[in-house]
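Pulled these from TrEMBL:
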- E71, D143, I145, D146, D289: Mg(2+) binding site (BINDING)
Amino acid sequence: MSKAYTTEEQVAVAAVRRASRLTASVFNKLVKNETLTKGDKSPVTVGDFAAQAVISTILKHAFPDDPIVGEEDASDLRAESGKEMKDRIVALANEALTEELGLGDNENWGIGPGQEKTDAEILDAIDRGNYEGGSSGRMWTIDPIDGTKGFLRGEQYAVCVSLIADAQVKVGVIGCPNLPIDPAHPEQGTGVIFKAVRGQGAQQLTLSGANPTPLQIPPCTPATLAFLESVEAAHSKLSFNERVAELLGITRPPVRMDSQAKYGCLVRGEGGAYLRMPTGVGYREKIWDHAPGQILVEEAGGIVTDSRGEPLNFGLGRTLGENYGVIAAGKDVHHLVLGAVQKALAEETRAKV
């Protein structure tokens, strides 16, 4: 009997693989070789749009009836002022789409030599990401470049795709072009894909899709724990994390990196817990920022909740609703981290009175 979501998993891996190579190419061609003025994110914009176009094109061919929740829309590219950027994006997307078929690829997914798309098809593919989400039915999420500042620095970023059905994440794939294949052996090079299917475990692959390795979060204690957290202070309350670490007796320094690469590192045993607490009122986490990571951690034997101990809700639309933070950890330490978070929150509340 065939496993559930086999085709969805294969399609998501193929899409993430091509988009990961595209974004790495954008970095090498544009970021390294162009002089950027402060605040200029044009290479990120080009990479974001082109990667979303590639992923969306593949999903459309494989699952034409499935809606997509994506980060970008192409309205600016349709204006005359956006022509130069549009031409660049179309060229990059077609370059990725027409690469030779690789491991597990299928030409019926709109990929391979001779599969060039028109400008209109590329723009329409980007705009397919405008679905508003909801609690019923199937939908895909795309985060074409998660961790834009990490991308620009040549550090960690991720290309992320997930399938959600009736508000439950069923498939999650995360491509990390700059993450070491084996952190203990950096000479093996960089570039990995993490994948997970509900009820079928989690695996790490190379960027080519080879060498599938099962992933299981190793046992951990506060003595061996280090928090995985964002580089950007604007993304997570790092001073709060310090207090939680103090309450737990954690002595190891935090491991800081951008993007959902943190979820991948967690399931490989680098760190022990991922903590992302809100920095202020009003910010809402996007579902594409956590759906692939959530299923990856859970299928590797971990737990993902908010600070109330409640599971993340992917059925509320394009966001997770009111922000209670994200706590991801192995089963043996999650309850300890959650308890320390709740104690630190109670201290903050008392201090305000």
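Each residue, glycine too, has its Cβ placed from N, Cα and C.
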Using the centroid of the Cβ atoms of E71, D143, I145, D146, D289 as reference, list every other same-chain residue with Cβ within 8 Å of it (recorded Mg(2+) site), in sequence order.
I142, P144, G147, A158, C160, S259, Q260, K286, W288
Around I145 (Mg(2+) binding site), how many other CB atoms lie within 10 A of its CB?
31
